[in-house]
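Data block below; observations after.
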Amino acid sequence: MQKGNIGVTTENIFPIIKKFLYSDHEIFLRELVSNAVDATQKLNTLASIGEFKGELGDLTIHVELGKDTITISDRGIGLTAEEIEKYINQIAFSGANDFLEKYKDDANAIIGHFGLGFYSAFMVAKKVEIITKSYRDEAQAIKWTCDGSPEFTIEEVDKADRGSDIILYIDDDCKEFLEEARVSELLKKYCSFLPVPIAFGKKKEWKDGKQIETTEDNIINDTTPLWTRKPSELSDEDYKSFYTKLYPMSDEPLFWIHLNVDYPFHLTGILYFPKVKSNIELNKNKIQLYCNQVYVTDSVEGIVPDFLTLLHGVIDSPDIPLNVSRSYLQSDSNVKKISTYITKKVSDRLQSIFKNDRKQFEEKWNDLKIFINYGMLTQEDFYEKAQKFALFTDTDNKHYTFEEYQTLIKDNQTDKDGNLIYLYANNKDEQFSYIEAATNKGYNVLLMDGQLDVAMVSMLEQKFEKSRFTRVDSDVIDNLIIKEDKKNETLEGEKQEAITTAFKSQLPKMDKVEFNVMTQALGDNSAPVMITQSEYMRRMKEMANIQAGMSFYGEMPDMFNLVLNSDHKLIKQVLDEEEAACHPEVAPIQTEMNSVSKRRNELKDSQKDKKEEDIPTAEKDELNELDKKWDELKNKKEGIFAGYASNNKVIRQLIDLALLQNNMLKGEALNNFVKRSIELI
C-alpha cells in the first residue's frame, strides 16, 4: 500500500471546496457522471482509430445507491497508477488564492476551472474511493482512497473489468443524496441528454396491484436528443414532442428554429417561440444551456440577447466558457459572435415566415408581438431587420407593416405642419366612442394594447420622421389632427364662467384625480360632455410605471379635461336655465366686481413704473383690500352657481355619463347614477 499527500500548490483544496461551493452541492453528480461519460467516449475514440482492439461491450454508466454510499460506475478507459498520480494526486491549482478572491461571489465558476470536477465529490462525501482498471493490456487494478484530508492511500486490488467505480461515503449532513427521489431528480436535471446511456436502478412495472422491480436497467437519458440530429430527419411532430418533453405543462409552441453551426464556433440547439401569456419577467430563463449534452444552467443572460431570453429551448456549445464570471462572459468574443448569430437566425426565421406565409404570421402576431417589440426596443440591429416584418394592428383587426400603414394614412392623417398623426387606442371597449368619432371622420385607429406598447410608441416617434402618436381620448376629435388654423369658437367669458363653475362644483372627489373644465364648440351631433386626458402627461405616468427614475410623474395626480360641447342642446339648455335662475343674484355681484376690477386696474396702472418703496402705503393697503373684496365676491358668485348646480339633476347626470363612458364611475357614485336615471325616466 502506498500513502501520500495530494499536491496542492497553495492551501488545502478541501476547505476551499466546502467553503465556496456549499450552495451548489448537487453539481457533484453532474461532474462525476460527466467524467464517466468522457472516459467512455475516449474508449470509443480509441477503438475507432484502432488503438483499442478489445470488445467494447455494454458501455452503460451505472449510478447505484447503497446504505451510505453512491457509486458511479463506467466501463471506459480506466486509470493506471501513473495516471492516478498525474490526474488525481497532483492537482494543478496554482494561483488558487487569487482565483478565489476574484470569483468569491461566483461559486460555480470554481468547479471545472482547474480540473476539479472529480473533487466536487468532497462537497458531499466524508470519504471517496476510486477502484479503477485501465483498458491497457496487463494493467493492474488500483484502489485510491481519501477521507477529505490531503492524505490518500493507493493499493492494488482485483477488478475483473476495465473502467472505474467512484464510491462516495456520504456525509451525515448530506443524507438527502441517498434518497432515490433526490438522485433521480438530479440525474434528470443534469444528465437527461448525455451521449452515453445512464442507468439508475431497474425499471418497475405494475403487478398484482403494486410496483415490482424488473431486471431491466432504468435508462434515464436520451443519448441522441433532437438538437444533435439533422433538421432534414425531423418532422414537426418530433419538434413538438421534444418541446412537450422539456416543458410538460406548456401550450404548443408557435414555431421553432434549429441551430447548427460549426464555424467560427460550435453551436447546436433548438429555440422555440412559446405563447407568452403574462408578465415578461416570469417567462424569462427557460432556455437550457448545455455543454456537450451536459446541462449547465438556465440563466443564459450574456449568451442570448435579453429579448430572446423569452424563448424556450436548448443551446449546446463547447465554446462558451461556462466556468467564468458573468462579466467575463459578456466580453468574450465567442459569446458575442454566438449572440449575434442567434439574433440573425431568429430575425431570418421571422422574415421567412412573414414572406412565405403572411397569413400564418398575422394569425400568430399577438403571440409574436412581445418578442419582436422587446427586441426592437432593446437591440438596434434587430430593429433594422424587424421593421420590415413588424406589424401594426388596427381596431378592425387588420394588419399592416410600418411602411404599408404609413401609405394608408398619409393623405388623411397629416396635420397642417406636415406631421403624420398615428391615432391609437389601448382598450377597444372602453374607448369605443372615441374610436367611433375618429373613424367617422375617415381616420384609422391602431390598437396598441400590449405590455410594451407604451415604450414602443415613444421609440417609434423617434424613429419615424415627422410623426406623432396620439391616443384617441387625449383630446376632442377636431384637435387630434389639426389641418388648418381656425378660430376657437367657444362661449363668452361670463357664460363660460357660469357653466364651467356649475359643472366643476358637481365633479366627484377622487383620490389623486383632478379635472379641468372647459367649453368647446364640437357640433350638435357630438356628445354634450367628454373626458379627455393630455397625451403627454398620461404617457409620462405610464412610463413611470415601467421605467426607473420617473417616479416623480407616478406621484402626480391624474389630470383630466371635462369638455362641455357648447353646440349641444343640453348644454345650451343648462346654460339658459342657469342664467335665468341665477341672474337676479349674480347681476349685482357682477356689477360690484366690475367696479372693483376697474379700480384695481387704475391702481396697478398708476404703480406700473414706480419702485416698491415709492408706492404710497395707502395705495398698497387699498389694493390689498380690493384683492380681498374681489376674492370674496368671486367666491360668492361661484357659490350661487354651485347652489344652482346642486339641485340640477341634468348636470350631475351629464357628468356621470361622461365618467361612466371612461370607466370612472364606481361604487356609491354608480349606484346613485342608476337611481337618478330611473327617476329621470
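Note: Cβ is positioned from N, Cα and C throughout, glycine not excepted.
So that you can see what the record holds, here are the features copied from Swiss-Prot:
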{"type": "COMPBIAS", "residues": "599-620", "note": "compositional bias 'Basic and acidic residues'"}
{"type": "REGION", "residues": "1-326", "note": "region 'A'"}
{"type": "REGION", "residues": "327-545", "note": "region 'B'"}
{"type": "REGION", "residues": "546-681", "note": "region 'C'"}
{"type": "REGION", "residues": "589-620", "note": "region 'Disordered'"}
Within-chain partners of the compositional bias 'Basic and acidic residues' (599-620) [C-beta distance under 8 Å, separation at least 6 from its ends]: 626-627, 630
Counted with DSSP (H/G/I as helix, E/B as strand, rest coil), the compositional bias 'Basic and acidic residues' (599-620) has 15 helix, 0 strand, 7 coil
Averaged pLDDT score, the region 'C' (546-681): 86
